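Taken from TrEMBL, the feature substrate binding site applies to Ser64, Asn114, Glu159, Asn166, Tyr190, Tyr242, Val260. As annotated by TrEMBL, domain 'STAS' applies to 332-405.
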Amino acid sequence: MDSPIPDYLHEVLSACGADTSGAVADYIPELAQVDPDRLGVALTTVDGAVYEAGDCESRFTIQSISKPFVYALALQQRGLEAVLDQVDVEPSGEAFNELSLEKGSGRPLNPMINAGAIVVHTMLGDPGDPQGRCDQVLAGLSAFAGRPLDVDEAAYGSETATAFRNYAIANMLRSRDSITEDPEDVVAAYTRQCSVRVSTRDLALMAATLANGGVHPVSEEQVVEEWVARQVMSVMATCGMYDSAGDWISTVGFPAKSGVSGGIIGALPGQLGIAAFSPRLDPHGSSVRGVEVCRHLSADMGLHMMDAPQPVRATIRRMHTVQQVDGSAAKVFSLHGSLQFAGTERLVRDLAEADAAGQLSDAVVLDLTRVHSINAVARRMLLETVRRLSVEGCSVTVVDPESTLPDPDCGDGLRPTVVGTVAEAAALGGG
Ligand code: GLU
């Protein structure tokens, strides 16, 4: 059987392909030369499956899509405090190349607009070593892509010759000591960052590395730590789409970043990296058809972050009573899925209510056979509940054949009995 997903992606491209509105960026002369009809989409799951349709192999310059990744590298190298000290994380609601700084602090508003991205770029490597910095950027972007990338020298030359706006921004930053090197050198090095060549497939893998907590889904290299990936995706969610960020997050609903060469990425934490490419841009500087492709994917695949998750009561699959060897009854709570705060709260509430109503027998069995993950807060809540029930004289047995509950230690030397099946739990009762 062939997977239906590539066919679905082809359908999405057919649905979006007819729209020829917008215009290629021409403020960088080399970008005006590209074939405006190119169109591709790629999806990568966090375990490394890649699905593509259309033109996913041809190369284009990464442009502003480099910003979240270089922000990640700077966070990893300098730490959150040091980076926040230089560049804030507030949406600007302005165009990508606005000459603006935050009132009061004088910091660029966020790392996704050029002013912030230029400062972040200078935070990598040793001060006064633009070549070393460019090498680090190229190596870092390559690690995110999982293959060695290179620089499009023609695009680089073309942009440095016409980067008047970025020179203005860099001079503004230099006048406030937000950067300390020669503004021309800084713009040249930042422009090399923007001129790194990628394919749509590369971008999907780069986005999937963020979605996968900083670990490349194929090479399995930990490119940045998990907290870095979270920080970057948060800023992409609020600032990645410049002056259309609010519309984007309410309609498409996942962290994204676009670039003026026509690329766009989306990162769904724990699920997917998405990339689309089509060179004609809307007035915000984002790919017209790339945005449309993302809208389709979000609607069809239920990718909006704010879509209501499964009702939490679904955490408790079944409640029943089993007879133990001594003839007394034990109440069994069979749980399933992934235990997080809300689902565990529901379990704790049901247990507390049953206890208050005198409906809880002296033996409780928590059956985790169908639970596949338990996050830190759910673990603490479960173990504290076990501790409280035990203190009240209730015997609690945990059925956990796969050891999904790590280190079942309730504190004070108290540990619940852990067994592999409900039958084993019943066999223990009263015995
Ligand atoms: N190199 C471009 C610039 O700085 C990137 C802008 C973008 O892709 O939005 O003007």
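The backbone N, Cα and C atoms fix where each Cβ goes, glycine too.
Where TrEMBL records a feature, it is marked here on the structure.
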residue	record	contacts (Cβ under 8 Å, 6+ apart)
Ser64	substrate binding site	Phe96, Met112, Asn114, Ala117, Cys194, Lys257, Ser258, Gly259, Val260, Gly285
Glu159	substrate binding site	Ile28, Glu30, Thr191, Cys194, Ser195
Asn166	substrate binding site	Asn97, Asn114, Ile118, Val187, Tyr190, Thr191
Tyr242	substrate binding site	Ser92, Glu94, Ala95, Phe96, Met112, Ile113, Ser258, His284, Gly285, Ser286
Would you measure the largest Cα separation among Ser64, Asn114, Glu159, Asn166, Tyr190, Tyr242, Val260 for the substrate site and round it to whole Å?
21
According to DSSP, folded down to helix, strand and coil, what is Val260 (substrate binding site)?
coil
Look at the binding-site residues Tyr190, Val260 and tell me which residue has the greatest number of other C-beta atoms within 10 angstroms of its C-beta.
Tyr190
Averaged pLDDT, computed only over the residues in the domain 'STAS' (332-405):
92
Would you list the DSSP helix, strand and coil counts for the residues of the domain 'STAS' (332-405)?
32 helix, 25 strand, 17 coil
Measure from the Cβ of Asn114 (substrate binding site) and count the other Cβ atoms within 10 Å, all protein chains considered.
26
